[in-house]
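One structure below.
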Amino acid sequence: MRKSVLDFADTADCFVVNEKRPVKVERDRLPILFMAFSAFVLALAVSYIFTQIGFEAYGIFAFSALLTGLAIPVFYFVAVRPVSRHFSAYDEIKKELQKSEERNRHIISAISDVYWEIDSDLEYSFVSGNAEKVFGYTAGEIAGRGFFEFIPKNKVKEVQAKFDNLALGDGFSNEFEVWIARENGNMVCLLASVIPVKDERNRLTGYRGVLRDITDRKNSEEALKISETKYKIIADNNYDWEFWLNPQGGVLYSSPSCERITGHTAEEFEKNSDLFKNLVHPDDQLVFTENMTRFIEEKEKGSVRFRIINRNGEERMMSCYCMPVYDSEGQYLGVRGTNRDVTTRFLVEKKLRESERRFREIIENIHLAAFIMDVDGFVFYCNNFLLNTCDYDQKDVVGRSFFEKFIDEEDAKKLQHFLLGEARHGKAPRHFVCKITTKSGERKTISWNNTVLHNADGDVIGITCIGEDITGREEMYAASMTFGGGYT
């Protein structure tokens, strides 16, 4: 059972006051004892002398006088001095108690916790001066009021039961949390340390203890709980598979989405940390192991793609992104990761790459100039036939404006407005004829066929242009070579 500050101080003071000290004979006693002994010897000698010479009466008188002189210090040591020492010891104890009380008051005033005492009716009989910081009331305003006056009505029975159990001594903990209402109406959470006080007949006379304001801690705990709940709700309902690995690679958390992707429940992954690795495709084991080592042991963040084989034997492509996580003090807590099933996208990309490969093979092997530009007119692909025709390298064309690179300045703005202005609305002309300038300055006439490109959302992203060099055959296209009606 924990003790209050005063209990500890009282115990310490009692130890000091009641400390056993070695008994020793004070030095000032020795001369007095020697004198008393000498007087006694002298009285015997004088009495003997007077008796020998025939003066027995004088001998008796002298002996009586000397015995009286001897009796005075004996009386002092036997009766007076013990009483005097008793009162001196009492004064010393009183001074020690006063010092102890003063020390206790200093301790109580110095601590931030509130020391309190209540009687058997649970009314405050004493509250330390710093109570106003917690209650909003001064110590004088609190004294005499009931302990439960400050507690919400719906919590009174619960707290009363704690006091009852504590009074019975049934092993109930002497520390519990209690909410009180401050003077301004705000609620404060206090950690109450309570000790029952009993008299010499073991009858309960009240309680004493310490109240500590833990409102900030409780609010922080509540905020953390809310934050954790929000994160769990988000993670549990995320379509992607969220997970958290400890610094040793064990699974601390796996979101329910793992079952949709792998066929295994979150509980299975949390109980068996090797399950994740065991699902990885044999051909991707090395890539998976190397990257997870990089993420967990070297604390790097990054992504990796690998295949898994789910419970039904289906092959799924996973895109995994991992990053290290730390607590507020910088302690490494492991790795947080996201597994996304990109199988469909992977297959689409695979088909797209295959389609692009075939497209490039066709474009690169036809005797036609071909290029692709974005909606701003910048070239991001051109075939070798166009480069050879104009005597340019890839670096001279890719990333440059088609109109600035190939078209005369006089015609560039007109053609750009005509072609791109319509293309942005998905209405680019399917065919037009224009002259382009080669690296040597030679002018060539090209007849272009155009296709507008769209992304998955239907937005225009560029134009594919395939053209035939008709230099020397311009007469056949005379009607389409003028800007007024030449673009069709």
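Using N, Cα and C of the backbone, Cβ positions are placed for all residues, glycine too.
The following features are taken from TrEMBL:
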DOMAIN    100-170  domain 'PAS'
DOMAIN    174-226  domain 'PAC'
DOMAIN    227-299  domain 'PAS'
DOMAIN    302-354  domain 'PAC'
DOMAIN    355-427  domain 'PAS'
TRANSMEM  30-51  transmembrane segment
TRANSMEM  57-78  transmembrane segment
Reported mean pLDDT - the domain 'PAC' (302-354):
91
Per-state residue totals over the domain 'PAS' (227-299) - DSSP helix, strand, coil:
42 helix, 10 strand, 21 coil
Take the domain 'PAC' (302-354) and count its residues per DSSP category (helix H/G/I, strand E/B, coil), listing them in that order.
12 helix, 30 strand, 11 coil
